C-alpha cells in the first residue's frame, strides 16, 4: 500500500488554482464617497444612489482640513456614518445600537473606511449584504463635534447627506461608472488622484476599528469568503495528505519489524536432535516449544530409580513451564531434563 506523495509540482499547481479562483471572485471598486458638504453629489436630483454588486468595494473618505485638500470643505465637519436598513435610512434615523462605519473627527488626517459587499463575512464584526435589498449610509449629526452622538435627523435631513445602496440591482437611468480594481489608484493619495473628477462621492471618515488614518495608503480590503474557503480547503487537503503519508510509513515499518525474538529450543540432547518423550505412549520425538531450555540431569548411578515412562508439565504459574522428560534407552543412565 503506497503512501500518497505531494511533490513540489502539485503544490505549485494548487497555488495557481487558488490564485485563479481568488481572481474570479474579486469584484470592482466603486468610486469613493467623500463625506462633507463640499460634495455636490448629495444635492443631486434623486439623491446619491449607488448600485454595488456582491463582491464590489466602496471607500468612504473623510477629507482633512489641515492642510486643505482638493475635496476639503471650508471648515472641518464632524460626522458619524451609520449603515442602516432602507426604512431607517428614509427616515434619517439610526437604531439605538447603530452599525457604525466611520467617525470623522480628525481634522488633520484623511480617514478612510472600505466596505466589502459580501453575503457572508469571515469577520465576526464584518458587514453582510443581501442581493436585491436597499441599504443606506447616513450621518445624523449636524457637523459639529457636540452633535456627533445624535441618532436622528441632522445633515441627513437638512442637507440630504445619505447614500442609497441598491445592492445587486441595475441602475434606472445613469449608473455611476465603475472601474476595475487594477485601474483604481488605491495606493496613491485619494485627493490627488480624484481632484480633476468632479463627480466623485464625498464621505467623512471615522477612526473606527476598521478605519485608518491614511497618508498614501488605506486599510486592506477584507478577504472574500470564497477565497478564504478555498485556502482553508487546500490547507486541509495538504494536512490530510501529510497525515496519510505518515500513517502509511508507520504501518509499513511495523510490518517490516522482525517477529518477536524467540529463545532457541533445547539443543540435541538425545537421538534425532530433539527431546525424546518417554516410551510407553508410542509418542515420537517432540520439538521443543519456544522459550524452553532443557538441561540434562543424570542420576548418581545404577542405584537411581528408573525414570518415568511419561512426561509431565509442571505448573508454570511462577515462571516458564518445566517439563520432566526421558531420553535414551533404559540401560543407559537416566537423563532428566527440566526447564529453568
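Glycine residues also receive a Cβ, built from the backbone N, Cα and C atoms like all the rest.
Residue annotated by Swiss-Prot as omega-N-methylarginine (from the set 200, 214, 271): 271. When the Cα atoms are compared, residue 156 (disulfide bond) and residue 62 (disulfide bond) turn out to be 16 Å apart.
Neighbour counts of Cβ atoms within 10 Å were compared for the disulfide-bonded residues 62, 92, 104, 156, and the top value is held by 62.
Taking CA atoms as the reference points, residue 92 (disulfide bond) and residue 62 (disulfide bond) are 20 Å apart. Break the domain 'Ephrin RBD' (28-167) down by DSSP state and the numbers are 14 helix, 49 strand, 77 coil.
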